[in-house]
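Listed in Swiss-Prot:
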SIGNAL    1-24  signal peptide
MOD_RES   Gln25  pyrrolidone carboxylic acid
ACT_SITE  His37  active site, proton acceptor
DISULFID  Cys50-Cys105  disulfide bond
MOTIF     55-59  motif 'Nucleolar localization signal'
DISULFID  Cys63-Cys116  disulfide bond
DISULFID  Cys81-Cys131  disulfide bond
BINDING   Cys105, Ile127  tRNA binding site
ACT_SITE  His138  active site, proton donor
Amino acid sequence: MVMGPHLLLLVFILGLGLTPPTLAQNDSRYIKFLDQHYDPKTKNGNDKYCEKMMRLRNMISPCKEINTFIHGNKASIKAICGNQNGQPYNGNQRISTSAFQVTICRHIGGSPRPPCRYRATAGFRNIVIACENGLPVHLDESIFRP
């Protein structure tokens, strides 16, 4: 079956129309990733830092059990999705080849309702992320590598 030029043009235009929502969805997942896990300003979070950040990032209704904040720059985090700072890990995930300074906030206490209390663990860790179209969209874990 041979397509005429008008039909090819229609298929091309429809294809263009379907691409932006997919990219926009990936961008929104990347923005959510940054909102949940990225904090370039702090270098060494403590318990008060965790309580403040979890509240500011709206992760306290219910109290999120665990969350990791990455204290690096966006370019280095995005580079994990490529070959500059990442390598394949455990299926379709990527692990950073360099360590990032992170603060891990763990919920302490029995109730999942506010006020939420957190214990902080700060240190350098390699991070494991999922990527879509070259952007990090999910932080799976952080690994201490001596």
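Counting begins at 1 with the first residue displayed.
Just so you know, glycine gets a Cβ as well, placed from its N, Cα and C.
Separation of the C-alpha atoms of Ile127 (tRNA binding site) and His138 (active site, proton donor): 11 Å, rounded to the nearest whole number. In terms of DSSP helix, strand and coil, the motif 'Nucleolar localization signal' (55-59) has 2 helix, 0 strand, 3 coil.
Taken residue by residue with DSSP, Cys116 (disulfide bond) is part of neither helix nor strand, so it is coil. Checking each of the disulfide-bonded residues Cys63, Cys105, Cys116 against His138 (active site, proton donor) by C-alpha distance, the shortest gap belongs to Cys105. With a 10 A radius on its CB, Cys131 (disulfide bond) counts 20 other CB atoms from all the protein chains. Straight-line distance linking the Cα atoms of Cys81 (disulfide bond) and Cys50 (disulfide bond), rounded to a whole number, equals 27 Å.
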